[in-house]
Amino acid sequence: MTIVEDAQKGIITEEMKIVAKDEGLDPEFIRRGVAAGRIVIPTSPYRQVKICGIGEGLRTKVNASIGVSSDIVDADMEVKKAQAAEAAGADTLMELGTGGDFLAIRKKVIDSISLSVGSVPLYQAFIEAARKYGSIVDMTEDELFKATEDQAKLGTNFMAIHTGINNITMDRLKAHGRYGGLCSRGGAFMTSWMLHNEKENPLYANFDYLVEILKEHEVVLSTGNGMRAGAVHDATDRAQIQELIINSELADRAHKQGVQVIVEGPGHVPLDQIGTNVKLMKEMSGHKPFYMLGPLVTDIAPGYDHIVTAIGASVSASYGCDFLCYVTPAEHLALPNLEDVITGVKTSKIAAHVGDMVKYPDRAREQDLAMGRARRDLDWQKMYSLAIDPEHAKEVRNSRAPEDSDACTMCGNFCALKIVNQNYNLAK
């Protein structure tokens with residue numbers, strides 16, 4: 001039985017107990033969430049992974065994406081990025097390579113970390129077709145499903161699969177047009193294949209067969225967002241919503257067959273539309289875990305898109321988004337390097353926490369309360385221990401060391417907190 005089927009039979013599995021302990025919640029709450037499709041717990045029969053729950057009532061989780069490109073193929077560097085992402089606090093990792101030996105590189109990455117690892121199988125299928133036949137449009141349907149199964153057997157825990165692109169979605173896209181084009185690589189591959197071959201998307205047409213593969217290998221389905229906007233002016237358009245409707249219907253079908261499902265959301269969304277997107281997705285999908293790719297709230301800050309994303313991600317999480325894909329400073333410019341990956345994870349972890357302070361004020365604000373008291377008391381060691389990045393905080397302070405060890409060089413002898421502590425008591 002799958003974990004969904006266990007949960008629906010009233011069985012609390014070891015994975016549910018681990019999530020409950022990690023979140024400080026009752027195991028029965030986790031079981032009910034998995035049974036209803038509101039919580040997923042990625043696992044694999046092929047490898048031991050760090051158990052992580054994603055969904056309603058749980059802390060907002062952060063995914064880091066890595067992977068070689070056709071221009072830069074350095075498997076060892078991708079392993080270092082994966083390990084750095086885990087060390088920086090990423091909850092999951094997606095390996096999205098589009099160059100080199102797909103399975104060999106992915107296996108190397110999977111074997112190097114304990115996190116759940118996700119992938120996009122159609123990248124491999126389409127790019128191998130281009131290598132073999134000279135064009136992505138010559139890929140066969142069998143090759144697409146074989147790539148999916150091959151990646152599942154490696155121990156891939158969740159897969160972004162572009163199930164919601166079909167002929168109806170395509171009609172909406174062509175009729176409405178786009179200011180920023182189609183930014184999803186998977187969406188670009190699949191729509192090009194459909195138009196050239198005059199056929200339906202095989203992932204949609206053969207959805208039940210796809211679900212059989214995922215169920216056999218205990219892979220979480222993440223319904224790919226191939227119609228997401230690549231510019232804020234295209235956000236929440238007809239093609240995006242059409243795909244969401246289809247993916248929500250397919251998510252229900254997969255869950256009824258015992259497969260865990262995450263529904264993916266958009267990546268470029270102006271701030272005033274974030275709440276609408278989260279609420280709409282949650283209602284349409286029956287409150288399945290919602291995964292947002294960023295989101296970016298403006299398009300004019302290349303080089304600073306990790307900051308743009310932190311703004312959007314914190315608001316998304318506050319409205320109920322469960323799962324955030326990080327964005328690095330290299331977004332829209334280059335393949336991220338090691339430092340970009342670390343910065344992306346840290347920035348998104350901050351955003352997730354900020355959102356959780358709104359979603360779960362009783363639970364998520366305890367660390368901030370402790371930090372406030374530590375600052376009041378000028379307890380620097382306590383401040384470091386509570387910081388999201390203790391080593392960075394120490395490094396910054398020590399690089400400009402104060403004469404007075406109680407204060408910092410911002411205020412020096414005129415530290416407001418020290419003055420108050422010397423003259424009266426504000427402890428609470």
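Every residue gets a Cβ built from N, Cα and C, even glycine.
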Substrate site partner of MET94, HIS162, SER184, ARG185, GLY186, ASN225, GLY226, MET227, ARG228, GLU264, TYR291 (as recorded in Swiss-Prot), chosen from TYR123, TYR133, TYR319: TYR123
Non-site residues, in chain order, whose CB comes within 8 A of the mean position of the CB atoms of CYS408, CYS411, CYS415 at [4Fe-4S] cluster: PRO402, ASP404, ALA407, THR409, MET410, GLY412, PHE414, ALA416, LEU417, LYS418
Cβ neighbours of HIS332 (Zn(2+) binding site) where a neighbour is any other Cβ within 10 Å: 13
Winner by Cβ contact number (other Cβ atoms within 10 Å) across the binding-site residues MET227, CYS408, CYS411: MET227
For MET94 (substrate binding site), the one of HIS268, CYS408, CYS415 that lies nearest, given that the binding-site residues are compared by Cα: HIS268
